Amino acid sequence: MGSVADDAEITGPLLAAAAGGGGDSAAAAGVERVPAWREQVTVRGIVVSAVLGVLFCLITHKLNLTVGVIPSLNVSAGLLGYFLVRSWTAVLGRLGFVIAPFTKQENTVIQTCVVACYGLAFSGGFGSYMLAMDQKTYELIGPDYPGNRAIDVMNPSLGWMIGFMFVVSFLGLFSLVALRKVMVIDYKLTYPSGTATAMLINSFHTTSGAELAEKQVSCLGKYLSISFFWNCFKWFFSGVGDSCGFDNFPSLGLAAFKNTFYFDFSPTYIGCGLICPHIVNCSTLLGAIISWGFLWPYISTKAGDWYPANLGSNDFKGLYGYKVFISVSVILGDGLYNLIKIIYATIKEVMNARSKQGRLPLVRVHDDDEGSKLSAEEKLRNDTFLKDRIPSWLAGSGYVGLAAISTATVPMIFPQVKWYLVLCAYVVAPLLAFCNSYGCGLTDWNLASTYGKIGLFIFASLVGRSGGVIAGLAACGVMMSIVSTAADLMQDFRTGYLTLSSPRSMFVSQLIGTTLGCIIAPLTFWLYWTAFDIGNPDGMFKAPYAVIYREMSILGVEGFSALPQHCLAICSVFFVAAILINLLRDVTPKSVSKFIPLPMAMAVPFYIGAYFAIDMFVGTVILFVWERVNRKESEDFAGAIASGLICGDGIWSVPSAILSIMRIDPPMCMYFKPSLTS
């Protein structure tokens with residue numbers, strides 16, 4: 001990702017070109033009619049959004065419950081939305097029906113609705129704070145573990161999960177909607193992902209862009225089919241349990257396999273490697289080498305000295321405890337640094353905006369000729385964005401009303417959380433939502449999980465041992481939902497601004513998508529919950545962040561007394577190292593900093609294992625070579641191939657879950673063992 005300044009400089013010309021092709025340039029502004037906001041929200045769009053919402057929720061859950069690494073699927077949502085509606089109109093057109101034209105505004109609304117829907121599969125905590133409350137996570141940590149009490153257990157249930165989603169997921173939409181003009185027009189925040197999505201959608205609705213989109217859809221469908229049938233083929237050899245098949249193929253040897261170094265032929269993680277930046281994939285592999293190549297083998301030699309030698313592989317008093325807490329320390333160090341960095345940048349830019357009397361953040365001073373070329377189109381975008389206002393009284397009363405309902409309802413779901421604590425959270429939340437949304441606009445980083453962890457620690461420590469664990473986890477959910485949805489909404493406003501979409505249609509689309517997500521996300525999670533062994537540390541669906549979040553909540557209640565010997569010292573070293581590495585990335589020149597690893601990406605394999613890092617590295621090597629051979633082709637089709645690989649794997653999870661529910665086991669078990677020696 002380039003710098004924010006770079007984004008601000010290139011955005012205008014590129015969008016002008018894309019819009020010009022579609023008839024949105026200044027010259028064509030009087031010819032093309034921008035649809036009314038009600039025409040942008042269509043029945044077919046809602047149906048397509050619901051279908052894609054199910055697919056992307058399945059994908060998000062699978063990634064959440066396996067490794068916890070979720071790439072951005074916004075481009076995939078826009079591309080598949082374009083394909084499905086185009087197919088819809090083509091079929092009905094051949095049947096003789098009169099079909100309304102498919103506009104870029106409708107495409108934007110669909111993409112917004114899908115992202116709002118599957119975003120709740122992440123911010124809903126189905127692989128983190130919500131799952132951390134269940135019986136299995138409690139038992140995995142151990143009933144005799146300090147602070148881990150049996151009363152702090154709440155198993156997943158569709159009733160309370162859907163109810164909780166409805167009472168907390170809408171507040172973020174109302175918290176900052178009144179500031180949309182300030183953030184998008186006045187401050188001209190770039191929201192790089194939102195800008196990239198707008199450029200993509202604009203390109204779809206040009207002649208050349210439509211041709212490329214058709215090729216991308218064809219490519220996506222091809223690799224989706226390959227991924228689906230490959231997973232089907234793998235299933236026949238996966239046997240009963242989690243120790244058979246290609247997922248446990250010792251491709252680097254049996255010794256490396258014992259330390260989780262193997263290639264498991266996963267299309268999903270290869271696809272993630274194609275989508276994620278090279279530095280993320282390389283950082284993940286480096287973290288795997290440091291932890292599973294050196295650190296864990298070294299600590300394991302201290303069995304009987306630092307910790308009892310006869311403990312199980314998942315006992316927190318042994319090596320397992322080091323794995324979890326060192327991962328937590330790196331994640332917290334990285335999150336704390338970036339939180340302080342974003343808040344500092346936010347305060348600095350706001351103060352500069354005030355002191356310079358109208359010179360706003362991220363405004364590039366264009367030459368007069370360039371400014372005159374873009375001014376007419378920018379005026380059209382501004383007029384469109386400001387035409388369909390969302391009344392401030394609606395935003396304010398909506399937030400207050402929803403906060404009142406949530407304040408009364410959340411304690412009914414979680415009795416450990418008192419109403420006045422929920423109220424305090426909703427008083428502070430808009431400020432945190434602004435910080436996160438502004439920071440996301442500057443850097444493209446959504447730090448919702450970091451704000452959630454802060455709420456977790458504060459509430460867990462305030463409530464104490466009498467229910468603090470559940471209270472902290474629930475508070476994490478409240479904060480994450482508000483902060484995450486507010487940033488997503490503002491990013492979607494940026495996309496809508498650049499595609500001449502009405503802010504009112506974008507807001508309605510977010511409401512519809514959130515409503516769908518409150519139902520679809522729990523239902524798709526329930527499919528996994530009933531079909532697979534979720535939370536088994538030796539299985540496929542490890543749910544790594546469930547254990548991490550519960551341990552953080554226990555840490556907020558108990559302090560550091562529960563850590564194994566020398567664990568606090570090692571955690572402190574890694575916590576400081578995460579901060580220093582981030583600082584080094586910021587103070588060194590870009591030519592150097594691009595090679596410095598990301599601590600957050602390094603932390604993930606510390607707990608999960610090295611296998612997925614190898615898969616992602618395979619993806620990044622493929623992309624690297626492809627970029628050297630044909631950069632234009634890689635830019636056009638790498639995302640489509642990655643999306644196909646990920647989507648095919650996600651679709652396979654449905655028949656796989658059905659087979660599991662019906663107790664139909666694979667017919668063969670393929671496994672490996674050392675050769676017999678004399």
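Backbone N, Cα and C define each Cβ position, glycine as well.
Taken from Swiss-Prot as is:
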type: TRANSMEM; residues: 41-61; note: transmembrane segment
type: TRANSMEM; residues: 65-85; note: transmembrane segment
type: TRANSMEM; residues: 113-133; note: transmembrane segment
type: TRANSMEM; residues: 226-246; note: transmembrane segment
type: TRANSMEM; residues: 279-299; note: transmembrane segment
type: TRANSMEM; residues: 324-344; note: transmembrane segment
type: TRANSMEM; residues: 394-414; note: transmembrane segment
type: TRANSMEM; residues: 419-439; note: transmembrane segment
type: TRANSMEM; residues: 467-487; note: transmembrane segment
type: TRANSMEM; residues: 512-532; note: transmembrane segment
type: TRANSMEM; residues: 561-581; note: transmembrane segment
type: TRANSMEM; residues: 606-626; note: transmembrane segment
Okay, the transmembrane segment (41-61) and the transmembrane segment (467-487): do they have at least three CB pairs under 8 Å, pairs separated by 6 or more? no
Positions on the same chain near the transmembrane segment (65-85), where near means CB under 8 A and six or more residues out: 44-45, 48-49, 51-52, 55-56, 59, 102, 106-107, 110-111, 114-115, 118, 122, 126-128, 193, 196-197, 200-201, 204, 213, 216-217, 220, 268-269, 271-272, 275-276, 284, 528, 534, 540-545, 604, 608, 612, 616, 639-640, 642-643, 646-647
Tell me if the transmembrane segment (113-133) touches the transmembrane segment (279-299). I count contact as 3 or more CB pairs below 8 A, with pairs 6 or more residues apart. no
Could you tell me what the rest of the chain brings near the transmembrane segment (394-414), counting residues at least six beyond its ends with Cβ under 8 Å? 154, 160, 163-164, 167-168, 170-171, 174-175, 177-178, 422-423, 426, 430, 470-471, 474, 478
